Amino acid sequence: MRNYNVKKLKILELLAQTSCISGEVLAQRIGISRTAVWKYIQALKDEGYPIVTTKKGYSLSTTSDLILPENIEKALETHKINLINKVYYFRSVSSTMEVAKKLAEQEKNFLVIAEKQTAGRGRLGRPWISNEGGIWMSLLIRPSISLRESFILTYLASLCVCKALRQITSLSFYLKWPNDIVFLTNDEIKKVAGILLELKAEVDKIDYAIIGIGINVNNQINSFEPTGISLKELTNRLWNRTDIIIEIMKNFYHYFQVKPEEILNEWKQLCLTLGKKVKIIRPQGELIGKALDIAEDGALWLEAENQRAVKIYSGDCIHLRVA
Ligand code: BTN
């Protein structure tokens, strides 16, 4: 883990608690000189923290909460979650998936978090809009599983995120096949989060897996994303993203020790798709039918109209209203 600087962390915590705090008060509360406060503030500004200096003192200029990577590392240590060695935090990147891929050459297991992505990627080659206020992160891990077994990672990740959002907000989030985390409002399904899995692998062994997680938290959803919603829009308040990330990592730690069939069972219990009439859109065409079950290999069993049940491995899934 990084050698996090306790004094810098304390400054960030105090800044987050007040609208404006003077250098003198900061110095007193932390037990350091005003010059030391000034130096730490400069270092934090260089790291990209949005700290504003005014005549009255220092304040944080942000419309969201602050992600505190040091607090994430500290919490992982406290809870003995030895899943990753490091948390990388950036103000802006192209995509955390790209950054993780580059860092894979120098680090073993780690988390990359960014406040903003300029070229965020979604499933099926779609762009993923990632303005400030959301959680945009990629977890790079090296599990000892084969390529055939890797399907479980997306189920595991969406289950971890869904449960973390339920635990933190006490709201009823659900899963939609293949790996969307959704909320039901007025009988409409709104997407809160999505998972993107990228692998470097040979047939019998994975070198690494990058699990990309995008969650709409305190960000504003674009009008051209009508099926998306953020936690802030749902609840009219800001949410602490550091707490959400810590909860997700705790869940990952737990579910990495759980058998795939148990993960699938829990996933199915929170899944809105099973039993529904759905339309599956794939490059080779569309299929309409009833979503029956998730197979042992991760495929969706679909009872297409007037046909035997077929296995669907990927595609877009639209829940249809039954007239
Ligand atoms: C989906 O289409 O539902 C998956 C969205 C995944 C978005 C996340 S945000 C962090 C990571 N970086 C990316 O570019 N994409 C994933």
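The chain as shown is numbered from 1 upward.
Backbone N, Cα and C define each Cβ position, glycine as well.
Unlike curated entries, TrEMBL annotations are predicted automatically.
Bear in mind that the values here come from a model prediction, so they are computed numbers and not experimental data.
Annotated features in TrEMBL:
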| type | residues | note |
| --- | --- | --- |
| DNA_BIND | 23-42 | DNA-binding region |
| BINDING | GLN117, ARG121, GLY122, ARG123 | biotin binding site |
| DOMAIN | 70-260 | domain 'BPL/LPL catalytic' |
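DSSP assigns ARG123 (biotin binding site) to a helical segment in the three-state reduction. Counting same-chain residues at least six beyond the ends of the DNA-binding region (23-42), those with a Cβ under 8 angstroms from any Cβ of the stretch are 5, 7-8, 10-11, 14, 51, 53, 57-58.
GLN117 (biotin binding site) falls within a strand when secondary structure is assigned with DSSP. All protein chains considered, the CB of ARG121 (biotin binding site) has 20 other CB atoms within 10 Å. Spatially close to GLN117 (biotin binding site) yet at least six residues away along the chain are SER92, VAL93, SER94, SER95, THR96, TRP128, SER130, TRP136, judged by Cβ distances under 8 angstroms. Residues GLN117, ARG121, GLY122, ARG123 make up the record's biotin site, and a Cβ search at 8 Å around their centroid adds SER95, MET97, GLY120, ARG126, PRO127, TRP128, GLY194, LEU196, GLY212, GLY214 from the same chain. Summarising the environment of GLY122 (biotin binding site), the number of other Cβ atoms within 10 Å of its Cβ, over all protein chains shown, is 15. Broken down with DSSP, the DNA-binding region (23-42) shows 17 helix, 0 strand, 3 coil.
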